[in-house]
Amino acid sequence: MRALLAEGAMALAVAPEANLSSGGAAGSPTGPLWWVSQCHGVWYSLAVMLPSLAFVGFLAWQARRSFRRLSYGRSHVVVVAYYALLWAVAVLNLLWCFLQAWQCMPDRAFSWNVLSLFTKSGMLFLEVSLIAFLLQGNDASGFESLARTFVISGAVVAADVLLKTIYVFGFGVPLFIDADQGTGGKWGLWILHKLVLTGVYGLIVFMHHSRWRDRLPAKPAYYNYVCAMLLLNGLSLLGCFLVASGAGFGLWLYNVTTVCYHSLYLPLLYVTFLADFFQEEDMLLENVYYSEMKDAGFFDADWD
């Protein structure tokens with residue numbers, strides 16, 4: 001068992017060249033599932049593929065009920081837009097997880113960079129919009145307050161996309177090749193990215209334990225979400241620092257946080273922010289159906 005765990009852990013940090021040299025030359029894949037093990041290895045690929053596939057399957061299974069709840073007149077257009085955005089990002093993330101082999105294909109480098117740029121930007125938009133929602137505190141009027149965050153989130157993500165586009169397509173920095181240590185410029189940008197997010201989540205946690213606690217939403221699930229994201233971004237920041245310093249363990253740590261982010265973030269977001277909304281809509285729909293049936297006289301016999 002220890003040997004299997006050690007093998008799975010080392011697979012997260014192995015470089016593409018090592019996989020190619022041990023599993024065959026690039027451009028000559030063998031086996032029906034060569035794309036699972038070609039780049040990062042089987043353990044890494046399965047760790048990102050299976051949870052992402054399960055979450056998209058869950059969304060598809062709940063789609064009919066969710067659409068019925070969202071079509072109810074009480075649902076705000078922002079909630080509908082946010083649910084649609086969640087669907088789009090979940091599908092993009094699923095493609096990103098299943099096309100990991102593109103990282104090790106020189107002829108697929110452009111496609112991989114474009115896919116990674118759209119996927120990470122979509123997930124960042126969700127993350128920034130929820131940070132803005134939390135910072136509005138108790139002045140926020142439920143999910144309708146997300147409408148005021150979309151413009152700010154869009155501006156932040158647009159700036160992030162522009163900067164990453166210049167790095168990737170302008171300077172040729174392998175920003176989205178997770179198994180490549182790359183250059184100092186690559187890790188400098190990721191350090192800045194993770195430092196900002198860690199600082200914001202740390203600020204929210206500090207507010208929760210200070211006299212400004214009443215300015216934050218009182219729901220415990222929101223605080224748990226912030227703590228989880230603070231831990232994840234903090235570990236990712238540490239990994240970036242270690243890689244930039246030349247420590248091989250840093251690449252392993254960074255890849256572990258990447259796996260956790262792409263496989264668990266969207267389910268965490270759904271459970272924290274959307275599950276309660278859909279549950280509340282279910283109760284309202286049941287009350288509406290009961291009222292309609294009562295007005296139609298279905299329960300008159302119960303009073304006789």
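From the backbone N, Cα and C atoms, a Cβ is placed for every residue, glycine too.
Curation plays no part in TrEMBL annotations; they are all automatic predictions.
If you look up TrEMBL, you'll see 42-61, 82-102, 114-135, 147-167, 187-209, 221-245, 251-275 marked as transmembrane segment.
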Q. Short question: which residues 6 or more past the ends of the transmembrane segment (221-245) have a Cβ under 8 Å from it?
A. 127, 130, 134, 181, 184, 187-188, 190-191, 194-195, 197-198, 201-202, 204-205, 208, 251-258, 260-261, 268-269, 271-273, 276
Q: Using a Cβ cut-off of under 8 Å, list the residues of the same chain at least 6 residues beyond the transmembrane segment (251-275) that approach it.
A: 9-10, 12-13, 40, 44, 47-48, 50-52, 55, 58, 82-83, 86, 89-90, 93, 96-97, 123, 126-127, 130, 143, 178-179, 181, 190, 221-222, 224-225, 228, 232-233, 235-236, 238-240, 242-243
Q: Report, as numbers and ranges, which residues of the same chain sit near the transmembrane segment (187-209): CB under 8 Å and 6 or more residues beyond its ends.
A: 127, 131, 134-135, 160, 163-164, 167, 173, 175, 215-216, 223, 226-227, 229-230, 233-234, 236-237, 240-241, 243-244, 254
